[in-house]
Amino acid sequence: MTTILTSTFRNLSTTSKWALRFSVRPLSCSSQVQSAPAVQTKSKKTLAKPNLKNIVVVEGVRIPFLLSGTSYKDLMPHDLARAALSGLLYRTNIPKDVVDYIIFGTVIQEVKTSNVAREAALGAGFSDKTPAHTVTMACISSNQAMTTAVGLIASGQCDVVVAGGVELMSDVPIRHSRNMRKMMLDLNKAKTLAQRLSLLTKFRLNFLSPELPAVAEFSTNETMGHSADRLAAAFAVSRMEQDKYALRSHSLAKKAQDEGHLSDIVPFKVPGKDTVSKDNGIRPSSLEQMAKLKPAFIKPYGTVTAANSSFLTDGASAMLIMSEDRALAMGYKPKAYLRDFIYVSQDPKDQLLLGPTYATPKVLEKAGLTMNDIDAFEFHEAFSGQILANFKAMDSDWFAQNYMGRKTKVGAPPLEKFNIWGGSLSLGHPFGATGCRLVMAAANRLRKDGGQYALVAACAAGGQGHAMIVEAYPK
């Protein structure tokens, strides 16, 4: 695969053998926004399993997702996480001391609050007797928080768990250089003035150069944007297709926002500023305007631009997960069941963003479902090219047989069921918080349209991925 992808991108004017296989059927992502047809209610089996607890989502919320450098720029990550937790408490009226455990996902750690889950929980007024821990798994960090909660409840360790995620891209940690850090530590250990002066003679001006957070994959030294560009080229996804898909995402998000479908948002009164009540990254444009943008990563021939990529985002989400018995005993009407889930990983060099392709057939088999059983799809949109490349891979028998060891393709999701309230391209992508947003969008869509099953999937740095089946709770 490495050879195929590398040769494909070295000469974009020449279509590789792999690209040829994926250039036959273009994907239609019309810029015209159309209402998705109502889900046809079908009599389906439940995925409840004998002798296993039913685990439910009672409610999930998020503060508005904002472009980094805007209204949240003067805050810390635990401020955002605390706001999401406070919103969940307000929305559910759950007694704080009933919560057994709190788990939050995050990617870029704030050194002052290394366990942001605990600090946010204390700030939101939860009992100091309630344990909390933080997990990190790149863009599926809050997915990991949710499934960890499922495990705690399924094993009988807990009945009530809050899971969530947070990311603040407005203020990422910037360190001193390694040489400067070593000198500062040595100076701190020095016992005499002579020792300190001796150390200072080794100082060089380049020690003052800051060490910025890594944007490239550690194992491959390639940015995700570069990977997205190569993936789009290998799967013959054109710039026009990518721009059309991005426009679709923004247009659908704007429509959902105007029609009140983004009901998981809770307003946040930013200290010293106005109350924020809606996402601010939704920007329907035109294909003509988008076409003017230059490639963002591989120049001059790349196809990934600022318009067809997700943007740096600040935000937080939180979800109340309970055993069904406990939820009903407390008088709650759950929104959905959390059913089967799976994590996958593959080559981070050439399959970095193909997590949904690998995870989807596995989770469907685990649940005993097919693509036709799914009423709502919610996939994380890192890049337009990533989504469309996954579609082509999922819809290819050749790819399934040669790279996945499967006899047949799983099939691509139908667009009329796919991310119809927008996605990460338009709503934003706070790395640690997106997973909870995906699950709540899936649950709310099932509830609104009368569907029974939703499939949530996401890719993540390191060549990892996740998929989960969400089942509607009976009305």
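Every residue, even glycine, has its Cβ placed from backbone N, Cα and C.
Per Swiss-Prot, the listed range annotated as intramembrane segment is 174-221 (candidates: 30-77, 174-221, 222-269, 366-413).
Mapped onto three states, the DSSP output places LYS191 (N6-succinyllysine) in coil. Close to LYS299 (N6-acetyllysine) in the fold, though at least 6 residues off in sequence, lies no residue with a CB less than 8 Å from its CB. Note: the CA-CA distance between LYS362 (N6-acetyllysine) and LYS53 (N6-succinyllysine) rounds to 22 Å. Cα-Cα distances to HIS429 (site 'Increases nucleophilicity of active site Cys') place CYS139 within 10 Å, out of the recorded positions LYS53, CYS139, LYS292, LYS333, LYS349. DSSP assigns CYS459 (active site, proton donor/acceptor) to a strand segment in the three-state reduction.
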